[in-house]
Structure formats: structure tokens, C-alpha cells
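Below is one structure, written out as C-alpha cells, with a few remarks after it.
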Amino acid sequence: MAHHVEVQHNEIREIPKPNTGWIWKTFWVLVGITAVEFVIAFTMPSSTLRNSIYIVLTIFKAFFIVAEFMHLKHETKGLIWSILIPVALLIWLLVALVTEGSYAGELLQHTFSS
Amino acid sequence: MSTSSSTLAPTTNSVELEQPRSGTWDGGNEPFKASYGKLMMWFFLLSDAFTFAAFLTTYGMIRHRNPVYVGDVKDFEFSTAYWPIPEKVFNAFPGFHGVDLPLAFVALMTMILIFSSVTMVLAVEAGHRMDKNDVQKWLLWTILFGATFLSSQAWEWSHFIGGHEEGTLMSDGTMFHGANLAMNQYGPVLFGDLFFFITGFHGTHVFSGVCLLVWAFIATTNGTFEKRGHYEMVEKIGLYWHFVDLVWVFVFTFFYLV
């Protein structure tokens, strides 16, 4: 019986109006960055500069998804750092192994060309 | 007599015990002011980020180990001698057979996934307001976009496996179309393998996400979260879903653009 009363009470309760402005703002930022990436893909020849621009834009997109959609910006400092520090170490992994790959590639080409 | 009565009588100490204990080691604490479930989801996602980072780092390493195509992009032909240019591999669109539409389909897939992320946030937002109907509505949209993304990926895979019409002349003199784990017409063997592993692992995540969303939709419809008094489960699944979108942002850059 008590349960039934509670349900009725819930139905009477007013539902607040949605507050979705920030969500759509973030959406347009993400769409905008993706559009810029496509414009670059078809107007700029492939180069280190182009790849650097892509990586910067990707990090921008990642920031908006993690900070706004995943709400990390509004969590405590401790949580933010315990996620960001381990992820930052991955940058080192990427740089180290890409360098290693380039070196191995060069070595292979020189071995077979001479 | 007096000794026994004093043992039975409640002491001042036991009165204190009736009150809830709220010390550091008494339980009920929320480190980082986040609930247990949300915190564990964050750390699971961190570990998952390591897995995806390992995949993408491997891609970077293997790609740099292979020679780059030198020469005009117009004259590009598939060859196992160098790494292929992504926009030459991924240039097909369903219904536009034989038309060169570089990266168009993957752009559509990216938009679908970004859109599904938005509908997911809208579901979480509706959950905060305890608006059951809105949660249902936005969860359904998210499921729809997730399923659309998965179907698009299925098409992308079948096209990649089936291959382009012209095929590529292999070193043993035969023409080869499409791709499998042992050989492919687009470039070095590992190009095909990394495509299958990276997009496949991501697709598996999307599939798990869709399953979780379907379950959350059923639970919402049954009023499970309404009775519980909060929609935190939708929020946790939301975290997972955004992570999948986040990974796609990186896959998109490193596999299709760079």
C-alpha cells in the first residue's frame, strides 16, 4: 500500500525543464572540428605539418568529449589527475615506438638496397 | 547485586554506538566525491584506453617501419612495397558503385557516432531530472545510431574484404582482390591485419555498448531506476558510450586521415 502511494506521489511531481544548451554547443564544436579536418584532407598535401594539425585537432575533440560529455571537468581534482597522468604516459609510448619503427624501417631498406 | 546490574545496564558508551559512525574507516565514503560504480567505470575505461593505445601505437610503429609512397597521389597504385594512402583505400560509398568518394563513408560514420554521443548525454541529462519518458526517448535514439554505426561498419568490412574491382598483381603473378588476414590487395599484410584488429576491437565495444543500452532501456521502461530513485546506471553506461566515441575520434585520425 505504502508503495502504491509513493508511485502516485512520483507521478504528481513536476519534471524540471531540460537544460540542453551546453550539449548542443559541444556538439557543434565537434562537428566543426571534424569539418575542418575534412577540408584539410582535401586541400593540403600530406606532410608532417598536416599530421601535426590533425593530432592537435584530435586532442581538441578528445578534450570536449571527456570534459563535457563525460563530465570530467566537473569532477574533483584528484579524479581528473588520476585519469590524466596515466594517459599522458602513453604519449611517451607512442613517440618511443614510432621512432623505433622509423629506425627499423631505415635499417631494413639500407640492408636490402646495398 | 550491584555488580551484575551495572554490567546489564546500558553504559554511556553503548548509547554512542547507536549513532551512525562516519569516520574514515567506517565505510560509506566516496573517494573523489564520485560513487563506487562511477569511479570503477572510470578506471575500467582507463585500462581500456591502454589497450586501444597499444593498438594505435602498434599501427604507428608498423607504418613507420614500412616505406612511404613517393610520387604523385594521382598515379598511386596499390602495392605491397609501400604503405597505402588511406583515402585511396576507403573511397567507396553504398549505392555509388565505382565512384571515387574518398573518406565520404567514414565521415558519415563519424557523424553518426558523434550524434549518438549527443543523444546519450541527453538521456543522462533527462535521468538527472528523473524524466522517465525523456530517458526512454533518448536511449532509443542512441540505440538506433549505435546500430546504424554497426551496420555501416559491417558494410565497410565486407567492402574491404571483397575488394576493389581491379585487384592487385601479387608477387607470384596472380591477381588478388580484397583482403584477409594473410594477404590483401591494398598494401603490406599488416595493413589489412591492423585494419581488422583495430576497427574490429572498436566495433566489439560498440556492440557491447548497444547491448548495455538495450538493457538500460528495458530497465527504464520497467521503472527500475525510477524506483531506485536515481538514473546512475544510465550515467555509467553513458561514460562507456562516450569512451567508445572518443576511441573512434582517435581511430579516425590515425587510421583514415594521417
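Backbone N, Cα and C define each Cβ position, glycine as well.
Features as listed in TrEMBL:
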COMPBIAS  B:1-16  compositional bias 'Polar residues'
DOMAIN    B:21-258  domain 'Heme-copper oxidase subunit III family profile'
REGION    B:1-26  region 'Disordered'
TRANSMEM  B:39-62  transmembrane segment
TRANSMEM  B:103-126  transmembrane segment
TRANSMEM  B:138-155  transmembrane segment
TRANSMEM  B:194-218  transmembrane segment
TRANSMEM  B:239-257  transmembrane segment
With CB pairs under 8 Å as the measure, which of the listed stretches B:39-62, B:103-126, B:194-218, B:239-257 comes out on top against the transmembrane segment (B:138-155)?
B:103-126
Residue list, the transmembrane segment (B:39-62) vs rest of chain: Cβ under 8 Å, 6 or more residues beyond ends.
30-32, 188, 190, 194, 197-198, 201-202, 205, 236, 239-240, 243, 247, 250-251, 254-255
